[in-house]
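Each remark here refers to the structure printed beneath this line.
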Amino acid sequence: MGGSNMTNNNTFENGTSRPDLLCSSTSPDTDLTKAWKTISYCVIILASLFGNTLVILVVYKKRRMRTTTNFIIVNMAVSDMFFAVFTTPPSIRTIYVGDYLLVRGITADLICKLVTFIQQVSLAVSILSLTAIAFDRFFAILFPFRKIINRRTTKVLVALTWLIGAMLTAPVLYANRTVVEDGSDKLTCKEVWEPLFNSSKARSDYTFVQFGFLYAGPLTVIAVLYTAIVIELWRGNSVKFRAKANYQEVEKSNKKVLKMLVTVIVVFALFWLPIYIFQFLVYTGNERCSVRGVIQFIGYFLCQATSAVNPFIYAIYSENYRSGFRAVLHNLIYCQGRKLFHRESSRGESLSGRREKKVELYFL
């Protein structure tokens with residue numbers, strides 16, 4: 001949510017002046033709980049890096065996959081990897097040492113500001129990429145004979161996702177600061193909007209702004225666009241495609257792509273909803289401390305899991321991605337196998353040569 005509220009555990013206590021928003025005490029995790037939470041987060045980051053790397057390689061290596069939609073999907077894959085790398089490790093750290101920073105000085109200040117900034121920019125790029133894909137599909141299906149979004153336009157859209165994301169997230173570079181906890185010398189990263197703004201009001205206002213621009217607003221636009229596309233595809237609209245010899249294949253392909261993209265949107269919306277609900281409950285003072293830890297972890301886990309699930313959705317719905325993934329993995333395994341074989345062969349020849357030399361010297 002606003003600033004670092006969505007992705008950093010410490011920001012649910014970001015210097016709020018309302019004690020009713022805070023739980024006075026929570027039960028510490030057992031060693032077993034810490035272990036399975038850590039494993040869960042590790043699965044997320046590994047799956048995200050592995051799956052999204054495959055997506056990028058498939059689009060890069062297969063010429064027929066270099067479409068405008070897939071270029072934007074690659075952009076989202078990059079942002080998802082950034083999100084996983086800069087969100088999951090801090091969550092694992094929090095399991096063991098709490099919200100305290102492990103470094104001090106300028107390094108702590110940079111981590112406090114930049115990590116949250118990159119987290120939020122990555123999230124913004126993902127949802128804006130989904131919006132851009134919706135526009136791409138809308139124009140491609142409703143105006144099939146007009147190439148409104150081409151490769152050049154796609155490059156502009158990709159750049160805009162990062163620029164707009166950075167602009168919407170820039171306030172955290174001002175607000176996020178390192179603060180020494182009262183009664184200790186430990187540092188935490190908190191939102192402090194003073195002296196320009198009132199921290200409590202600014203934090204809640206910024207949260208609602210980001211909720212509108214990076215969740216509710218884009219999802220509303222996407223819903224409208226996909227509704228128009230569904231109506232176009234399922235209500236006798238194929239006249240537009242009949243001028244093409246393969247119009248039935250085109251229409252069938254469009255429907256498959258639409259199902260895949262709608263699934264991505266629904267997963268994104270559902271996986272991010274719990275953490276938004278939890279945050280609003282915190283702000284309104286309606287959260288229950290007895291279940292806070294469980295709900296908080298589920299919210300964090302689901303929102304971070306969005307960075308890992310998309311490649312699997314592509315594999316389920318798209319034969320092109322499935323075959324591309326198989327080809328990349330086959331080449332990777334085959335090449336590594338050949339390298340290992342040649343290494344072992346070279347080693348064997350080397351050892352054999354040494355033994356022959358020793359035998360020759362012995363008989364001399």
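Each Cβ is built from the backbone N, Cα and C atoms, and glycine gets one as well.
Mean model confidence of the domain 'G-protein coupled receptors family 1 profile' (51-314) amounts to 86 (pLDDT, 0 to 100 scale). Taken from TrEMBL, the feature domain 'G-protein coupled receptors family 1 profile' covers 51-314.
According to TrEMBL, the feature transmembrane segment maps to 38-60 (among others).
Taken from TrEMBL, the feature transmembrane segment covers 72-92 (among others).
The transmembrane segment annotation in TrEMBL covers 123-145 (among others).
Here TrEMBL flags 157-175 (among others) as transmembrane segment. Note on the transmembrane segment (157-175): residues 3-4, 71-72, 75, 79, 113, 116-117, 120-125, 128-129, 132, 149, 191-193, 196, 202-203, 206, 209-210, 213-214 of its chain, located 6 or more positions outside it, place their CB under 8 angstroms from a CB of the stretch.
Feature annotation from TrEMBL assigns transmembrane segment to 213-236 (among others).
Taken from TrEMBL, the feature transmembrane segment applies to 257-277 (among others).
According to TrEMBL, the feature transmembrane segment maps to 297-317 (among others).
Counting Cβ pairs under 8 Å that are 6 or more residues apart, the transmembrane segment (38-60) and the transmembrane segment (297-317) reach 3 or more and are in contact.
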